[in-house]
Amino acid sequence: MRRLYHRALAFALALGATGLFVAAVVAHRSPATGYELSLYGATPTLVWVGLGAAAVVGLVAALTTDRSSRLGGVGLFLVGCAGVVLTAIPVLRGYRFYGGGDSLSHLGWAREMAAGVFSPTDLLYPGIHTLSVAVSSVAGVDLPLAMLYVVGVAFPAVFLLTVPLVVRLVSDTRRAYAIGLAAAALFVPINNISVHPIAHPTSQAILFLPTAVFLSLAYAYDCSADASAVASPSTDAAGSPTVTDGSGRVGVTGAGALLAVVSVAIVLIHPQQALNVALVFFAVTVLQLLYRQFAPDHRVASHRWLGVQAVIVAAAFVAWAPRFDRATGTFSYTLASILGERRPPARSSPPSPPR
């Protein structure tokens, strides 16, 4: 019976892969011929049928097979590809650019950066702009299309990859990857109210946050003998590479180095989300210290200390954000609101590039 089910599942996966291929081809062969009021309404129904079939079949395969099963792996791949194709519809349908309002401002700033008349250091959040310029230069495509690659393909793909990894670390179960990928493929953060599938630094930063969460968990959970040391202030040599917090496992690891890089990257994508990361890291740091003080036998007490990473992201934020009036004005207004003072909100806006 199990063999029969696997054969039927393999056939269903083949149909799902065919549906995904057909969806991508139909979308590509149905380019926009002018302005469209709704990207999704103007996309042929067959595209949605193919994507839906691929996602459903892939999810069923991932949920009903063992984690080591090839069929389960194919199912996960189908779901992930369906998610990427969904967000890449503007690229597949030949859009020159997708998005209005702020996204057009970001495209304009990226063009000024590419022309060399607007420095990335003069913008509060130059992350997606510099990435778009780099993609345009390396791939040899127009800058508007390069920005679509960045915001419609790269960031959603990273989100789809890292959310399942986070779920896998938190819950080591057979269905962890499948459940995590299913949740990621819903793209719940994109609500078209404050988070959008267009060039919008806050939106891209939010889609990038699971990367920081994954690396922070990998860093905290990494308690292997080769990657950590039980540090003591009295035994650490002056030139030791180990960072000591007085107890628990600390030290330099690959995950920690990557997390430091990602923390700086989030600051450049959008400092507000970097500040959120810093606050979460500091909260976890305090919680770790409390567990080590009052419940040293709890497994949380044995996790690698996150204090160093909290300082890194906070330092990157402090080194970058206060240079801009918009950041300092927003901070002052928020602080005044907390203290109950009435003060008009900051009216400063991102700097306009030279014309």
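Just so you know, glycine gets a Cβ as well, placed from its N, Cα and C.
Unlike curated records, TrEMBL annotations are generated automatically.
As annotated in TrEMBL, transmembrane segment covers the listed stretch 71-92 rather than the other ranges in 71-92, 115-136, 203-224. Stretch with the largest number of CB pairs closer than 8 A to the transmembrane segment (45-64), among 71-92, 176-193, 303-321: 71-92.
Long-range contacts of the transmembrane segment (176-193) within the same chain: residues 55, 59, 62-63, 67, 72, 75-76, 79-80, 82-83, 86-87, 156, 159-160, 163-168, 170, 203, 206-207, 210, each at least 6 residues beyond the stretch ends and with a Cβ under 8 Å from a Cβ of the stretch.
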